[in-house]
Amino acid sequence: MRLATAEINIPALRYNLARVKEIAPHSKVMAVLKANAYGHGLVKIAQCLSDADAFAVARIDEALALRAGGLTKPIILLEGFFDPSDLPILLANNFETVVHDESQLAAIEQSDLDMPLSVWLKVDTGMHRLGVEPEQFDNFYRRLKQCDNVKPAVNLMTHFPCADDVGNDFTQTQINLFASIVSGTNEALCLANSAGVIGWPDAHFDWVRSGLMLYGVSPMLDKVGTDHELKPVMRLKTRVIAIKHVVQGDRVGYGGRWQCAKLTTLAVVAMGYGDGYPRHARQGTPVVIKGQRYGIVGSVSMDMISVDIGSNEAQIAVGDEVEMWGPTLPVEEVAVCADTIPYELLCNVTPRVSYEYCDE
Ligand SMILES: *Cc1c(COP(=O)(O)O)cnc(C)c1O
C-alpha cells in the first residue's frame, strides 16, 4: 500500500503552460524549474514542458541535471555563475547566465573563453536583492556589448517584489523605471514572474518567467489557482492507518497540545513533517477524506497526523485515501493555516514521498 504520495497531473501542467501563453500571448515563456521544479520533480517536469521556450533554474547543478536528463532547450541561470571556474561549464553545456554584479562582469571580461556567452543583464529596480543599480546600467551594458566573450544580444531583466498585490503601484513604478533605463537599447526584455503575468499585463514584454502558476498555484494574495483558470498539478495524498476513539479530556499527540472536548473519533493518517507537511499547521487545518473536509488535531508528528472525523467513523476505514492538498484542497489554503506560502510547502516535499506521474 502506497502511503505518502505526490500525484503529479501532467495534462494539468501542460494546460497551465498553455494558460501562461494565453495570458501573455506575445511573450516567450521561460519555465522556472528551480528547487526540483517546486517539488514536482525537475527532469520529469522539464520533459513534459516541450512547449516552453526556455528553462530557468537557480543553481548550476540544477542546470546540469537537466542536461543529464537529455533536455536540450536553452537554460538560464537566474543568479548567474558563482566563480570564474564555472564559465567553461556554462559554455560546454550551453547555459545562459544572468549578470548582476561587478564580480561576474569582471570574470567574463578577464576569462579566455572559446566561444561567447549568452548573457541576461539584471537591473535592480527596487527589490534590492540582485541586480545592478540603475546608475550602473550604462556602464555594465556598454562593457557587455564590447566584450568578445559575450554574444551580441544582451538580454535585459528585472524582478518584482510586490507583484502579488495588484493594489500596490510599486510594480508599475518598476515597469516605468525599467522602461526608461533600457530605452536606448533594442534588446529582449524580461520582467514578469507569475504574479507579473497574472496581475500586470504591462510587464509581459518579450519574455515572462513563470514558476508557481505552471504548477497550478496562485501567487496572488487571497487567490487560488482556479481563480485564474489554472489547474493544480500536485495532489499530496496518503492513507488512514488507524481509527481511534477518544473521550472528553483525552490529550492527543506530542506535548498533549490538543485536548478532546467531547467523545469523538480520530483517523490517524500517514503523513508528517518527515514528508514535508508543515509542523506548524494549526489545529483544524483541513484534509479531505472521501470528498469531505476534516480538521487535524494535536501536533504534526514526523510520520503521522491525527484527524478529527467526529461521528463519521462509519464512513471512514483504515486504508482510505486522504488528500493533504491538491485539486479538492488548494495548497494556498493549507499555506495560510501553516502561516507560510504555497511555494514553501511545495518545495518542502521530502524524498520519502513517492511520485506518481499521471498522464490523464
Ligand atoms: C523564482 C523566480 C521566478 C519565478 O517566480 P514565480 O513567482 O514562481 O513565477 C522568476 N524570476 C526569478 C528571478 C526567480 O528567482
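In case you wondered, yes, glycine gets a Cβ from its N, Cα and C as well.
What TrEMBL lists as active site, proton acceptor is Lys34, Tyr254. Annotated substrate binding site per TrEMBL: Arg129, Met302, in sequence order. Residues or ranges marked as domain 'Alanine racemase C-terminal' in TrEMBL: 233-358. Under the heading N6-(pyridoxal phosphate)lysine, TrEMBL lists Lys34.
Everything TrEMBL records as a feature, shown here on the structure.
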{"residue": "Lys34", "record": "active site, proton acceptor", "DSSP (3 states)": "helix"}
{"residue": "Arg129", "record": "substrate binding site", "DSSP (3 states)": "coil"}
{"residue": "Tyr254", "record": "active site, proton acceptor", "DSSP (3 states)": "helix"}
{"residue": "Met302", "record": "substrate binding site", "DSSP (3 states)": "coil"}
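Most buried of the recorded positions Lys34, Arg129, judged by other Cβ atoms within 10 Å, is Lys34.
Rounded to a whole number, the distance between the Cα atoms of Lys34 (active site, proton acceptor) and Met302 (substrate binding site) is 26 Å.
Counting only residues at least six positions away in the same chain, the Cβ atoms of Gly298, Ser299, Ser301 sit under 8 Å from the Cβ of Tyr254 (active site, proton acceptor).
Residue density at Met302 (substrate binding site): 12 other Cβ atoms are found within 10 A of its Cβ, drawing on all protein chains shown.
Per-residue pLDDT, averaged across the domain 'Alanine racemase C-terminal' (233-358), gives 97. Residues in the domain 'Alanine racemase C-terminal' (233-358) partition by DSSP class (helix H, G, I; strand E, B; coil) as 22 helix, 51 strand, 53 coil. Between the CA atoms of Lys34 (active site, proton acceptor) and Arg129 (substrate binding site) there is a gap of 18 Å.
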